[in-house]
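Below you will find the structure I want to go over with you.
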Amino acid sequence: MASFLLKSVLVVVAVFFISSMAQASDPDILSDFIVPAGSTIDGNFFTFTGTRDIFGSIIEKFSVTKVSKAEFPGLDGQSVSLAVLQFPGGGVNPPHTHPRAAELLFVVKGSLEVGFVDTANKLYTQALQVGDLFVFPKGLVHYQYNSDWNKSAIAVSGFGSTSTGTVSLPTTLFATGIDDQVLAKSFKSDIATIRKIKAALATSLLIFQIASAGDPDILTDFVMPLEVPSVDASYFTFSGLRGLVGAPPPEKFKVTKAGMTEFPALNGQSVSYAILQYPAGSVNPVHTHPRSAELLFLMSGTLEVGFIDTTNKIYTQTLQTGDVFVFPKGLVHYQYNADAENCAWGISAFGSANAGTVSIPNSVFNTSIPDNILAKSFKTDIITIQKIKAGLA
């Protein structure tokens, strides 16, 4: 009897532990999205326009434009956010951490020197150029620096949380009232040196903060491939997008993924990207992402977008360059470039290293579901179903 009780307790503990691991990122929600109390919503609720003026603006100092739950309430419960980082020549984003998410940085202009330090105090550095991706694992100290004093740089960072949090180390250590003696002992220095640093920060303080049910969390800094004994900064760098920025549009709609399959370093980091290219008049057909919401940042052109919730209500919006739109997790959605002359392209961030895509036309009409079942389901005839199938084939 005692043995049975012990086994039962162990099972409960194990289940609780697994459940806790699964909820290590933002908790999942039991509705399509979270509506503020007393609100009625339409497509505008899922649209963020605060990034429209970024493109073409003069970059005089390092700045971060946040698109998190605080600025964009439509993200609540969707486990994804992003930020646009602008670096003047010689600009730096000082060492900092994000306690609730990994950061997936995509360079869209200029070049950057980046690095992070793991919990064994090993430094991983990389020189990035336009089109490169770099992942900073969750909670580790990292930085970005534009070493070109003559050119500005811009990057877009995706996060697998709606509120990543930022601990800016210069500010946290030297501008929050920690006693000088504690800091002097911690840094094996003297009080005069500590006060000198504090005085310098007080006169020219720059505070860089991204924030005043994703993948299960991991218990290591990052996941090493089994067949690889050690890694360097190249492991955390993905250069497969270099040729896309500024490239001529493809002949038809194209998605270039940077998920765990293409970029193994994302394993365990709960974030990924996709670059979406829309020639004039093209469409990204109706589809879903079963494991993540999609946060689309339109970099160029215009798009008609929409999604349908589980009550069959459709939410639509017309996006222009610089707009951000969130498609809630698991819901059917689409994007359409209605401009007959101009192309469009965007960056989509996901709160999962493997968001998954279910293409509704292909899943329904191109997977050998019997014609009679489809005809009954769509209240039509077999000839119509076969015509649709032939068109997709």
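Every residue, even glycine, has its Cβ placed from backbone N, Cα and C.
Annotations in TrEMBL come from automatic prediction, not curation.
In case it helps, TrEMBL gives these features for our protein:
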SIGNAL    1-24  signal peptide
DOMAIN    46-195  domain 'Cupin type-1'
BINDING   ASN93, HIS98, GLU103  oxalate binding site
BINDING   HIS96, HIS98, GLU103, HIS142  Mn(2+) binding site
DOMAIN    242-386  domain 'Cupin type-1'
Please work out the helix, strand and coil residue numbers for the domain 'Cupin type-1' (46-195) from the DSSP assignment.
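Secondary-structure breakdown of the domain 'Cupin type-1' (46-195): 25 helix, 57 strand, 68 coil.
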Which residues of the same chain, at least 6 positions away in sequence, have a Cβ lying under 8 Å from the Cβ of GLU103 (oxalate binding site)?
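Correct list: VAL135, PHE136, HIS142, SER157, GLY158, PHE159, THR164, VAL271.
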Helix, strand, coil residue numbers for the domain 'Cupin type-1' (242-386) per DSSP?
21 helix, 55 strand, 69 coil
